[in-house]
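Listed in Swiss-Prot:
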- G111, V112, I113, G114, D115, T135, S136, K148, K157: NAD(+) binding site (BINDING)
- E190, H252, H271: Zn(2+) binding site (BINDING)
Amino acid sequence: MSADQPVTVEVGLGDRAYDILIGSGLLSRAGEEISRRLPGTRAAVVTDENVAAAHLDTLKAGLEKGGIQPTVITMPPGEKTKSFAHLEEVVDGILAARLERGDVVIALGGGVIGDLTGFSAGIVRRGMNFVQVPTSLLAQVDSSVGGKTGINSPRGKNLVGVFLQPKLVLADTEVLDTLPIREFRAGYAELAKYGLIDRPELFAWLEANWQKVFAGGPERAQAIAEACRAKADVVARDEFETGDRALLNLGHTFGHALEAATQYDGARLVHGEGVAIGMALAHRFSSRLNLASPDDAARVETHLRAVGLPWRMADIPGELPDAEALLAFITQDKKVSRGALTFILTRGIGQAFIAKDVPASEVLSFLRENHPTSRKAG
């Protein structure tokens, strides 16, 4: 795949439709691609210290080629940046640059920067133009697509935010070459998720080709494009998560609870790792409820283990709160409706479904059985 021929995936949302461009060298073309869609705009780039060191100069040069001289707002890296304090800092930076409603706010970074920047763009001047330039695999296949933005609260993950669709997503596959292997693995969990939801052929392809995806080349771009198509299809059907879009939360109810339980400490657990454990638990829980075969849960666990991802609570360093405390985090999750527990469960690989009114007693028993302190865990 050359810089001249990126793959284009359209997110079909009527007059708010936008393109995801996937290919090599897109940072150098950012100004051209943005100016074509948003002529005459000024810009602020929000990034973090690590991404800035690796990619900011390339993006700035690409923007300047398109006539855009950006203001740069740099944040510390890590999940704890998704906070009210850092939201205020980004908002103030945008206002200090005297950007107007028709100007553009660009997120250069992973999921944290994308979520924080999108929320900022959504509330400054009651909504500004927003462009995603995701630099992690997780952001390229998941968080940069679909318009969810937000920050964390001490009471839970992503509880404060808005929907704001970007005008454009530029997924430059070159930037993934600088990604630490742990971060790449974390993003891979979200990629595999699409196969587990409703594309069993994708999961089977990943089982056979995951090493090529990790190595780079055409298989990596192919996998990213397939994941983006899967998410774009769901978002076009259900933009505001009133129905099918909830399927994209496979693994996230357990995963978010584990992230909250570790106080969003990235040294212990990053988001994609939480999703990996959550997906394994969702399949195991489905098996426990006699909804799916234990063989499917074992297949998911085997694949996660093969790529080097955690797949059980015992893989998280340090002590976890007890099962009752984990259940309390789950009940705080957004996927709770009027106190009833809602989970994304499965009838098999690629057969995820929304399960409402899941008994809390069943969840608690399952958490006790799978807690690292239980002899049954593992």
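Quick reminder: no glycine exception, Cβ is built from N, Cα and C everywhere.
Structure coloured by features recorded in Swiss-Prot.
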residue: G111; record: NAD(+) binding site; contacts (Cβ under 8 Å, 6+ apart): P134, S136, L138, A139, D142, S143, S144, H271
residue: I113; record: NAD(+) binding site; contacts (Cβ under 8 Å, 6+ apart): V46, T47, D48, V51, M75, T81, A107
residue: D115; record: NAD(+) binding site; contacts (Cβ under 8 Å, 6+ apart): K82, S143, K148, T149, G150, I151, N158, G161
residue: E190; record: Zn(2+) binding site; contacts (Cβ under 8 Å, 6+ apart): L137, L138, V141, D142, A227, G272, V275
Next on the checklist: For the Zn(2+) site (E190, H252, H271), what does the 8 A shell look like? I mean other same-chain residues with CB within 8 A of the CB centroid.
Outcome noted: L138, D142, S143, A189, K193, G251, G255, G272, G274, V275, G278
Checklist entry - According to DSSP, which of helix, strand or coil covers S136 (NAD(+) binding site)? => result coil
Checklist outcome for this item: Between the C-alpha atoms of K157 (NAD(+) binding site) and H252 (Zn(2+) binding site), the distance in angstrom, to the nearest integer, is 10
Checklist entry - When neighbour density is defined as the number of other C-beta atoms within 10 angstroms of a residue's C-beta, which of the binding-site residues K157, H252, H271 has the lowest density? => result K157
Checklist outcome for this item: Cβ atoms other than its own within 10 Å of the Cβ of S136 (NAD(+) binding site), all chains, total 29
